[in-house]
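Have a look at the structure below, then the notes.
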């Protein structure tokens, strides 16, 4: 009886050994099938055809597992259901389908390498590992293109299109808010001429730093997370800037707001391109560019409708003034707030997740894209067939760690320093072979297009204002040697010069002095009651026994030797008084900018429809060259109507170059450096804007030849360089 029992036990053990061996062979066979599938991905073949083979292998594996369970039930009836057929030594590792080795497989003796196991990364050359990663990225790019074709273009892409469009619209608004608010803010806050113009330049510098920083951070932390942070920063400080009273605080708020919004452009285009297939990428990225133009139109329309209306304001005593331009700043922050709210409902870029090795997260988002589009098409039963996506080799970076004993502030600044250094190293890779030449050409095109565009954008309105000022000055009324006694002025005096006048027992009550200059005049026993003076001065005048009550006449308007003898100033108006009702050019200038932005619309539509038909480079180079040629016609701009026509023509031609450049830049960088490379180019754009504002602004009213020749040569030269960029229309997104 005992021999029978021993024989039975031996048979059971033998059966278990056979099952183990069968399972090992099955696992090897599954791995071979997976490897063949990966090879087929890189050869542009349909990955779905391998599903049947894997299913057959899995069925075989399940049958073997079932036989093992039956032997247990026959011979070990006391075992529980939870452990039947379970062997810890032969359990397949959960991540094995991704090609990730099990921890048990790595347990080798020091100095030995198991047969058939790859060499440890620590023992391999860094360049070899990078070459292996590059090969993996190329294979992922080919496979990802097939996956996006399976997901299709539909409801998900359109949702993301409008959400990212709001973020891009906020960038367009921020650029033009600076120009529209600058004159109003400097007047309202009593900014001296020596500090005038700092607002425009320093905000662009903030946007320049933000573009480089947030673009680089999006390659490390993700597109969605960085976009949320930078848009929230912009919205908060833009809203706060409308309430601060001091010019220094206002400047600081606008700089931080510019730093936040600077990251919008590189992140938005990188994000959207990574959910588009190759045949849809050029057209829909061009449609996305339209939101920047919509932001420009929105800012121009709101400035035209709000800023010139002095009634859109309130005050709390004489210390706190909330004028119409502050209302305009609040209204312009609304698109940013809407973008932040909408972005919280959108997922991260799946391509970013795959690049950083987060396979499951990326797969889930791709499945969400597929299911969303299929439901919108009325095909909810269609199944997402992808079950394995190639993950590039993850290379560990050696990072110096700060001691945990340091205080939180030092650790925070150390982390910022480390991140900036990482962004710098990532940027340096863009200037190495094989991207070096293309990076230099992209930088030249970005700089030249931005310099010409922003420079002329400042020069056009200022030239029109200069023409208006000359026309206004030509209509000035001059009064000489007049003598007025016992008269009451209770109406507006505008655009007048009074020289050698004498005013005795006159009353200036509840009135406005608009662009009025008194020269060598005398005021005796006069009364100034509730008087507002805009652009008015008293030069070398004499006030004798004169009473001032509730006026804005102070030392800044009593200039060039003006004497005040035995006169009284009571309840003077504090602060710099401003009213756009008295600004003869406000309505006209804002209306001109509004017309210029509307002229962009047809150019934007044409560029989107033709982007994939005539090519990115032809549109980029042709648009820049035509824009440069159109500048020569400015020689004939001797009137306001001619200058407005040239402004509209230039804006309509140049928008195609901007759209093409955005698409080419997005497609020129691999995913791991797309945000960094685009951010650097966009930072160059803002630097060129600062230089263009300074150079072109200083030439207004002096000469027309230098701005015209400079803009034309820069745009034509940049267009010729743009034609030498590589054509990315047929490339998959690396």
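Every residue, even glycine, has its Cβ placed from backbone N, Cα and C.
Annotation comment: TrEMBL describes 1-10 as compositional bias 'Polar residues'.
For 22-31, the entry in TrEMBL reads compositional bias 'Basic residues'.
Summarising the annotation, TrEMBL assigns compositional bias 'Basic and acidic residues' to 32-43 (among others).
The compositional bias 'Basic and acidic residues' feature in TrEMBL is assigned to 60-76 (among others).
Per TrEMBL, compositional bias 'Basic and acidic residues' is recorded for 122-132 (among others).
In the predicted model, residues of the domain 'Major facilitator superfamily (MFS) profile' (160-729) average a pLDDT of 81. Positions annotated as domain 'Major facilitator superfamily (MFS) profile' by TrEMBL: 160-729.
Annotation comment: TrEMBL describes 1-87 (among others) as region 'Disordered'.
Taken from TrEMBL, the feature region 'Disordered' covers 103-138 (among others).
Summarising the annotation, TrEMBL assigns transmembrane segment to 160-183 (among others). Nonlocal intrachain contacts for the transmembrane segment (160-183), taken as residues 6+ away from its ends with a CB within less than 8 angstroms of a stretch CB, comprise 197, 199-200, 203-204, 207, 227, 231, 234-235, 238, 254, 257-258, 261, 264-265, 267-268, 271-272, 275, 284, 287-296, 298-300, 303, 307, 325, 328-329, 332, 335-336, 338-339, 342-343, 345-346, 457-458, 461, 590, 593.
What TrEMBL lists as transmembrane segment is 195-214 (among others).
For 226-243 (among others), the entry in TrEMBL reads transmembrane segment.
Packing against the transmembrane segment (249-273) from elsewhere in the chain are residues 160-161, 164, 167-168, 170-171, 174, 178, 185, 189, 198-199, 202-215, 217-218, 223-224, 226-227, 229-235, 237-238, 240-241, 281, 284-285, 288, 336, 349, 662, 665-667, 674-675, 678-679, 681-683, 686, 733: each is 6 or more residues past its ends and has a CB under 8 Å from a CB in it. Marked as transmembrane segment by TrEMBL: 249-273 (among others).
Residues or ranges marked as transmembrane segment by TrEMBL: 285-307 (among others).
The transmembrane segment annotation in TrEMBL covers 327-346 (among others). Distant neighbours of the transmembrane segment (327-346): 159-160, 162-163, 166-167, 169-170, 173-174, 177, 180-181, 224, 227-228, 231-232, 234-235, 238-239, 241-242, 261, 295, 298-299, 302-303, 306-307, 312-313; these residues of the same chain sit at least 6 beyond its ends, with a Cβ under 8 Å from one of its Cβ atoms.
With a threshold of 8 Å between CB atoms, the same-chain residues lying at least 6 positions outside the transmembrane segment (442-460) that come near it are 179, 596, 620, 624, 627-628, 631, 643, 646-647, 650, 654, 657-658, 661, 664-665, 668, 677, 680-682, 684-689, 691-693, 695-697, 699-700, 707, 710-711, 714-715, 717-718, 721-722, 725. According to TrEMBL, the transmembrane segment annotation covers 442-460 (among others).
Taken from TrEMBL, the feature transmembrane segment covers 587-610 (among others).
Residues of the same chain lying 6 or more positions beyond the ends of the transmembrane segment (587-610) and with a Cβ under 8 Å from any Cβ of it are 176, 180, 283, 286-287, 289-290, 293, 296-297, 300-301, 303-304, 307-308, 460-461, 464-465, 468, 619, 623, 644, 647-649, 651-656, 659-660.
When the stretches 285-307, 676-699, 705-725 are ranked by Cβ pairs under 8 Å to the transmembrane segment (642-664), first place goes to 285-307. Long-range contacts of the transmembrane segment (285-307) within the same chain: residues 161, 164-166, 168-173, 175-177, 180-181, 184, 268-269, 272-273, 276, 324-325, 327-328, 331-332, 335, 580, 586-587, 590-591, 593-594, 596-598, 600-601, 604-605, 607-608, 611, 655, 658-659, 662-663, 666, each at least 6 residues beyond the stretch ends and with a Cβ under 8 Å from a Cβ of the stretch.
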